[in-house]
Amino acid sequence: MSCFKFCKIKSGFAKRALCGAFSLCLCAAVAAGPISASAASQADVDALQDKIDAAQDKIDRLEKEKKQYENDNAAYVERLSAQLDAYELKIDYLEKETNELRENISDLQDRIDEVTANIAQLQKRIEENQAEFDASYDTYCARLRAMYVSGSVTELEVLLTSGDISSMLTRAEMLQSVSEQDSEILQDLMDIMEKIEEDRQTLTKEKTQLDEDKASLEKQKKQMEENLAEAKSENSKYESALAEYNRKISSYNSSISSARQSKKEYEKEQAEIEAEIREAEKHYSGPGYNTGTGTLAWPTYSHSISAGYPNYPSGAYHGGVDFPVPSGTAVHAADDGVVITVKALNYSYGHYIIISHGNGMQTLYAHNSSLLVSVGQNVKKGDVIAYSGSTGNSTGPHCHFEVRINGKQVNPMNYLR
């Protein structure tokens, strides 16, 4: 008699234990083959689903925060952009004006240098004419001495009683006492010197005006440069503020992209594990393996529910129904089937069992304190398969019960009778 038939016709704890022993033998044989149901853990699938949900929640939260941030700062960013445009125009204008001032100052400096050179040249001519005048004057004085010697006392007295050369030349009586030739020479020299002095004064006046104009332009340039520096400083502040906004948006985009990539990787891994589980289900179906009726019995004596499907009282997603029972309470198979997963974890579902009932239906029993069945074992509706507890992610003793149709969690209450 096969272990499967033996398990079907026998009952009681000892018989179930014997059936379990035979099933373990079967599991060992199966494990040696290409399929290992325990390698593809439903807890891993669900843990990945939790990660997928968490990643999606993160994506939703970040996109919401990003949208809120964009909405909150839309007017601010618009003002920043407008200010940047305005300051860019202002900076362009100030730079253009400053450059024009620099060119004007450079032109003025060239003119100042030219006038300064002309003044120096005129000064040199004045000095040369002064020397020529002094030489002519010495000759003139020598003549006067000669006139004195020849007896022209009156003229000599006129000359010698003059205080300086200027007063001498301006006195009509002195000019009348010199010879016509000497008078013309001295007068020509005086006219030349007066003209040169006139030109020198004109150029000096022009240079003074040019210096004043240059100083005024330098002042304007300094003010323009200060305005330009201030505009650039303000522009830099607006650029920094806009850069900070863009950095924040970029950070959101990067985080969203990272979360999407993580979600994609989790989904890929989950799909691979689910494919393994489907293969395990196929392996444990057919002749020799129990199938259910489609109508499920309650897994515990208690029909009280502390957390239903699909949400906890807090609103968080809950993929099954929680029956609060003391630790050690018998947990029963909800229908005929074959055990495809037996896991003893210290996280997630803790110590849990999954039974395949055929036609794509599975039931899951989690957070048990001890497990009484093994992978590949046939069970009948009502068989005790575990004792309740609070293992894994649990806040207290209870039986977490799930129903899955083709791998998708559904409401267990629609199947319990």
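Even glycines carry a Cβ here, placed using N, Cα and C.
Heads up, TrEMBL stuff is auto-annotated, nobody curated it.
From a predicted model like this one, the values you see are computed outputs, not experimental measurements.
The stretch that TrEMBL tags with region 'Disordered', taken from the ranges 203-233, 265-295, is 203-233. Predicted-model confidence for the domain 'M23ase beta-sheet core' (317-412) is 93, expressed as mean pLDDT. Residue counts for the domain 'M23ase beta-sheet core' (317-412) under DSSP, helix first, then strand, then coil, are 1 helix, 53 strand, 42 coil. Here the region 'Disordered' (203-233) has, by DSSP, the following mix of helix, strand and coil residues: 31 helix, 0 strand, 0 coil.
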